[in-house]
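To keep things clear, I will list the structure first and then write my remarks on it.
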Amino acid sequence: MPELPEVETTRRGIAPHLEGQRVSRVVVRDRRLRWPIPEDLDVRLSGQRIVSVERRAKYLLINAEVGTLISHLGMSGNLRLVELGLPAAKHEHVDIELESGLMLRYTDPRRFGAMLWSLDPLNHELLLRLGPEPLTDLFDGERLFQLSRGRSMAVKPFIMDNAVVVGVGNIYATEALFAAGIDPRREAGGISRARYLKLAIEIKRVLAAAIEQGGTTLRDFIGGDGQPGYFQQELFVYGRGGQPCKVCGTELREVKLGQRASVYCPRCQR
């Protein structure tokens, strides 16, 4: 699943080619995504100029002169720019045609993504209750410490809760906990303020590094400019269960936490 760095990489890839451009037509070949694509999307968006492309959590907000297209990449979706008129292949569900001669093409084999329309996107039900962005000053270790008090759940699903902080998905939660030396199974409410301060720093560092390097390469992810990211080669623990820790050599263990695989080092993480 594309996580926050992958979505931000997509935003950075497509924004320069969309902002200031006028939409000439919207072609929808299959409306059956996680939520159906609005029947009148072509009418609403065609003829409008795209003002900006923003990101909130893992949602992309394509802001037109009136209204916003809210897009989510789901489990395996991607947005990329192609030449106008390029024939569509299987799973290529939407084309947003631009007067520049390019198209923004949405591909989603599993159809678990979304393309919705809103006149007030930040108050849309999907975005309204989201926590702060992890790379802003609204998120820090003190927030983690305060929200964790009395919580018996494991720390990993706690930091993956979008009401606590957005965009800390499985890959980056795993890596940040390793960098902070915290066992992902530990009870969230039992972790000290000092350790949460360290964890928040590592969450910011890991996410910023992934964004800077183009996002993590996953089998189904393609960046907005058609190029995959390349951060996976630097992962310390994610996807490496049973292999030696890159720091101490201890065999990494894999467990299930909240229905997700979690890899950790029993020596480096306490």
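Cβ coordinates come from backbone N, Cα and C, glycine included.
Other C-beta atoms found within 10 angstroms of the C-beta of Pro2 (active site, schiff-base intermediate with DNA) number 28, with every protein chain shown included. Swiss-Prot lists Pro2 with the feature active site, schiff-base intermediate with DNA, giving sequence analysis as the kind of evidence.
As annotated by Swiss-Prot, active site, proton donor applies to Glu3 (among others), with the evidence given as sequence analysis.
Taken from Swiss-Prot, the feature active site, proton donor covers Lys58 (among others). Under DSSP, Lys58 (active site, proton donor) is assigned to coil, being neither helix nor strand in the three-state scheme. Neighbour count (other Cβ atoms within 10 Å of the Cβ, all protein chains): 21 for Lys58 (active site, proton donor).
With a cut-off of 8 Å between CB atoms and residues at least 6 apart in sequence, the same chain places Phe158, Glu187, Ala188, Gly189 near Arg151 (DNA binding site), listed in sequence order. Taken from Swiss-Prot, the feature DNA binding site applies to His91, Arg110, Arg151.
Annotated zinc finger per Swiss-Prot: 236-270, in sequence order, evidence recorded as sequence analysis. For the zinc finger (236-270), the mean pLDDT of the prediction comes to 96.
Counting only residues at least six positions away in the same chain, the Cβ atoms of Pro157, Asn170 sit under 8 Å from the Cβ of Arg260 (active site, proton donor). Among the features that Swiss-Prot reports, active site, proton donor is placed at Arg260 (among others), with the record citing sequence analysis.
Taking only the Cα positions, the spacing between His91 (DNA binding site) and Glu3 (active site, proton donor) is 21 angstrom.
Sequence-distant neighbours of Arg110 (DNA binding site) (same chain, six or more apart, CB under 8 Å from its CB) are Gly74, Met75, Ser76, Gly77, listed in sequence order.
On the backbone, the CA of Glu3 (active site, proton donor) and the CA of Lys58 (active site, proton donor) stand 7 Å apart. The local packing around Glu3 (active site, proton donor), expressed as other Cβ atoms within 10 Å of its Cβ over all shown chains, amounts to 22. It is 8 Å from the Cα atom of Lys58 (active site, proton donor) to that of Pro2 (active site, schiff-base intermediate with DNA).
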